[in-house]
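Only one structure is covered here, and it is reproduced in the block below.
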Amino acid sequence: MNIYRKKNIIKKCFMEFFGTGLVMFFGIGCLAASKLTNANFTQFEISCIWGFGVSIAIYFSSSISGAHLNPAVTIFFWLSSKLNKRKVLPYIISQTLGSFFFTMLTYYLYNNLLISFERNNNVVRGTQESLNLASIFCVYPNYNNSFIYDFIIEIFSTALFILIVLEFNNRNSNYFLYNRSVAPILTGFLVCMINLVINPLNNISLNPARDLGPKILLSLTGWGLFSFTGGNDNILYCFIPIMGPILGANLGGWIHKTLINNS
């Protein structure tokens, strides 16, 4: 029994690793292609690719791991007593590693173009001029906004996302969606729509692993501490893409439980 459980958790962690990685590969790959080649994707196209990537990753991993693909989601399910506490840390580590390794894969696929761009534009990693390149991989809040404003936007965006996704997957009130496997497609559309509406105001992550994995990678490939701060003196901004989604996910989950699914 213990061997079976061990194999089962390994399989689930792999699906979280690979599913989160797929989201990163499609999304960051799109950003890299847009900034380093002549692809010139529009904001709409970039948002759609992120959304489709989320849908594909959910279809891939949901039957085995539940397709959390997001530490904020995992923490919410744990605090809601819907996830065994023994799975929390393995899931979060797997999601972050998936984000890290698939970002690294994308980084090395585009490495020659990245170096060429730096040489042609006299960009030195770890300087303010390198923020544009770093933003291919990482999420940096709009530093022209106040910390409180950016933090609230991140919390609101994630709360909205979780609230709607929970209702998509509510087998009691959305029996058709739940049983016809439409929810992953709608979840991808939701990611696309939130990005289109919110990103012009502030860059959002919705997912701590989406931000932390790439920043760890960049810190090891020449950007150093700049990868975390984005050159901003206010260190608090670093926590927005990590703590914002965690607080937002739990807020959205609480609203859904209290106002919608309280029967």
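Numbering starts at 1 and runs along the chain as displayed.
Each residue, glycine too, has its Cβ placed from N, Cα and C.
Taken straight from Swiss-Prot:
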type: INTRAMEM; residues: 66-69; note: intramembrane segment
type: INTRAMEM; residues: 70-80; note: intramembrane segment
type: INTRAMEM; residues: 203-206; note: intramembrane segment
type: INTRAMEM; residues: 207-220; note: intramembrane segment
type: TOPO_DOM; residues: 1-7; note: topological domain 'Cytoplasmic'
type: TOPO_DOM; residues: 37-41; note: topological domain 'Extracellular'
type: TOPO_DOM; residues: 81-86; note: topological domain 'Cytoplasmic'
type: TOPO_DOM; residues: 111-145; note: topological domain 'Extracellular'
type: TOPO_DOM; residues: 172-181; note: topological domain 'Cytoplasmic'
type: TOPO_DOM; residues: 199-202; note: topological domain 'Extracellular'
type: TOPO_DOM; residues: 221-236; note: topological domain 'Extracellular'
type: TOPO_DOM; residues: 260-263; note: topological domain 'Cytoplasmic'
type: TRANSMEM; residues: 8-36; note: transmembrane segment
type: TRANSMEM; residues: 42-62; note: transmembrane segment
type: TRANSMEM; residues: 87-110; note: transmembrane segment
type: TRANSMEM; residues: 146-171; note: transmembrane segment
type: TRANSMEM; residues: 182-198; note: transmembrane segment
type: TRANSMEM; residues: 237-259; note: transmembrane segment
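When pLDDT is averaged over the topological domain 'Extracellular' (111-145), the result is 92. Using a cut-off of 8 Å between Cβ atoms, the transmembrane segment (182-198) and the transmembrane segment (87-110) share fewer than three residue pairs, counting only pairs 6 or more apart in sequence.
Spatially, the transmembrane segment (87-110) is not adjacent to the transmembrane segment (237-259); fewer than three Cβ-Cβ distances between them are under 8 Å for residues at least 6 apart in sequence. Secondary structure of the topological domain 'Cytoplasmic' (81-86) per DSSP (helix as H, G, I; strand as E, B; remaining residues coil): 2 helix, 0 strand, 4 coil. Residues 70-73, 75-76, 79-80, 139-141, 143, 147, 150-151, 153-163, 166-167, 204-208, 210-212, 228-230 of the same chain sit 6 or more residues outside the transmembrane segment (237-259) yet have a Cβ under 8 Å from a Cβ within it. Residues 45-46, 49-50, 52-54, 56-58, 60-61, 64-70, 86-87, 90-91, 93-99, 101-103, 105-106, 109-110, 113-114, 117, 132-133, 135-137, 207, 209-210, 213-214 of the same chain lie 6+ residues outside the transmembrane segment (8-36) yet bring a C-beta within less than 8 angstroms of a C-beta in it.
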